[in-house]
């Protein structure tokens, strides 16, 4: 054959289309996208996510401890594409959306994520080695699961989380990729499940001598795909998050002064241009590094400790020193050199260094910060901290403090504004100036107690302070100094944190800052989720019986529970028998059953059991990721029973009839709940009465 013949050969492309996969995808899009613009009102947790959405649109910094920023960024993408300007007050469930809110755009991405969960489930079941009929069965069950439909149709994150959970499992089975931990921290448990599965697979690969020449490559590829890539993606989305949110916002006070100063507006506006080096004569405000119970500043005022407390203990009756959670002129202190009388900064300034001895003079009352061997009012095992008053009662001043810069890089490092975290160690008693966390009674104006702690250990943030606002004092006289303290700071020095410094601080806050646990009308416990003993009213029409409820398909939930029980019985039956060399099923079938159990049963367990350890307000929707994996277990159990347990044609025929009857029941349940799933048509009076009766019965059962 010559070259001319080769050129004449036609180029052909063959395409295979799985019509079942196309059909279930289209069906999913219809059930999830149909009428998502209704209702044009805030639906349940849209009031929560909407607040973050508006802050994203306005580039305002915020913290959400429920998970990484990727989920919020996905919702923000829909808002951005819809042209949302962030101007809406998210303060009430049921509030009507104004014309500037693109309702369809806000809800379409969660709806698409919920829709694509169906084809992912199909592919996952097939990849586990089960038939296309079983995969279709899984899709039908998920298609008609009312709770998943409801959660997909609004600006909520559970459908996005489930999408990435399924995508992660499927990607691992195909090519080792994982990213559900980027949406919510609950996704971490599925990530750990896949890491464990990868570790087992890798162990088997190491033991396979036929693959000895590629073992290192396989291990390296899995490490890069399952560890390095997820970490890079995790950091990458935080980088985008912090880049977008560069303006000061409502959550600034939870962060350090250095973090706040890196944001546009807020503290950055106040502290812009402050002197960097703290010097003798500097006028400063001292903020505790700890944000527990709340961020606050070292404070004093013209009020003394009571001569005697309510419990009969006595005090020094000296001036109160507290920690005050608001900016106030009484938060200002002057750093004085004990060897000099001057209260102003010299020229050139003499910087304060690590290890220097200082006095702290309260700017507005001219009382020195003092501590002595007198019990603190609320923490009697610690020393009282006061503004020293000489009552001529043989109680001398003890007002010398040593500066201990905790995050220093050298032993003579200069105390830096905002950047340095310092301990103030009392020279006479070695007590550390510390926020106790207790609140003072009415005589202390409910402000927070500050103590001298003689048994302070380690790097407790409650005993660490940083200079937040700072100026070089110029006025020696008290009246002039009081006027000076009320003026804004000045000079021009710019300070920015690195991305890693901001990331580490933000990550620590997200993991440690807890919202107060509170009771909610629709909160529930994990035990109630198994049998769906609870539901949630997501939206109620103000003038008709139309409403949207998060309530599951009871047939689905029942057979899903049954499938877990049957799988457990099968596994516990096969395992000891195989140990005794009794092989009821072939080795390949056993391995297939075990892998399906790890994915489905294990996916249910890791997305459900951790909630028993969580101290937070829980709702039924927290169970939906676990429910998804539990539903995927159903076709696994059915196919195994049909092929490997039922032997006679009559048994299989009867079993097929049962399956058909169950699917019909699933549809009937889905259809009957549709008015509560889609919010239309409105319920009749009889239907509403039946629903109220069910809710009352559930409440009665809970009380019992």
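Heads up, the Cβ atoms here are built off N, Cα and C, so glycines get one too.
Taken from TrEMBL, the feature transmembrane segment covers 17-35 (among others).
If you look at the transmembrane segment (69-90), the same-chain residues 6 or more away from its ends with a CB under 8 A from one of its CBs are 42, 46-58, 97-98, 100-102, 104-110, 113, 155, 157, 160-161, 182-184, 237-238, 240-241. Taken from TrEMBL, the feature transmembrane segment applies to 69-90 (among others).
Annotation source TrEMBL lists transmembrane segment at 102-122 (among others).
Listed by sequence, the residues of this chain that lie at least six past the ends of the transmembrane segment (128-144) yet keep a Cβ under 8 A from its Cβ atoms are 20, 24, 27-28, 31, 117-119, 121-122, 173, 553, 556, 592, 595-596, 599, 628, 631-632, 634-636, 638-639, 659, 663, 666-667, 669-670. Annotation source TrEMBL lists transmembrane segment at 128-144 (among others).
The transmembrane segment annotation in TrEMBL covers 156-174 (among others).
According to TrEMBL, the transmembrane segment annotation covers 186-207 (among others).
Among the features that TrEMBL reports, transmembrane segment is placed at 219-240 (among others).
Annotation comment: TrEMBL describes 275-338 (among others) as domain 'MIR'. Each residue in the domain 'MIR' (275-338) gets a DSSP state, and the totals come to 3 helix, 30 strand, 31 coil.
Per TrEMBL, domain 'MIR' is recorded for 349-406 (among others).
Helix, strand and coil counts under DSSP for the domain 'MIR' (411-470) come to 6 helix, 27 strand, 27 coil. TrEMBL lists 411-470 (among others) with the feature domain 'MIR'.
According to TrEMBL, the feature transmembrane segment maps to 554-572 (among others). Residues 141, 144-145, 530-532, 593-594, 597, 600-601, 604, 627, 630-631, 633-634, 636-638, 640-641, 662, 665-666, 668-669 of the same chain lie 6 or more positions beyond the ends of the transmembrane segment (554-572) yet place their CB under 8 Å from a CB of it.
Here TrEMBL flags 593-614 (among others) as transmembrane segment.
Residues annotated as transmembrane segment in TrEMBL: 620-642 (among others). Sequence-remote contacts of a segment are chain residues at least 6 beyond its ends whose Cβ falls under 8 Å from one of its Cβ atoms, and for the transmembrane segment (620-642) they are 45, 117, 121, 124-125, 128, 130-131, 133-135, 137-138, 141-142, 145, 147-148, 151, 156, 158, 161-162, 165-166, 186, 190, 522, 524, 526, 528-529, 532, 534-536, 550, 552, 556-557, 559-561, 563-564, 566-567, 570, 589, 593, 596-597, 599-605, 607-608, 611, 652, 655-656, 659.
The transmembrane segment annotation in TrEMBL covers 654-673 (among others). Using a Cβ-Cβ cut-off under 8 Å and counting only residues 6 or more beyond its ends in the same chain, the transmembrane segment (654-673) has close neighbours at 137, 140-141, 144-146, 551, 553-556, 559, 638, 641-642, 646.
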Sequence-remote partners of the transmembrane segment (593-614) [C-beta within less than 8 Å, at least six residues beyond its ends]: 124, 128-130, 165, 169, 186, 189-190, 192-193, 197, 526, 529, 564, 567-568, 570-571, 574, 585, 622-623, 625-630, 632-633, 636, 640
Local confidence of the domain 'MIR' (411-470) - pLDDT mean: 91
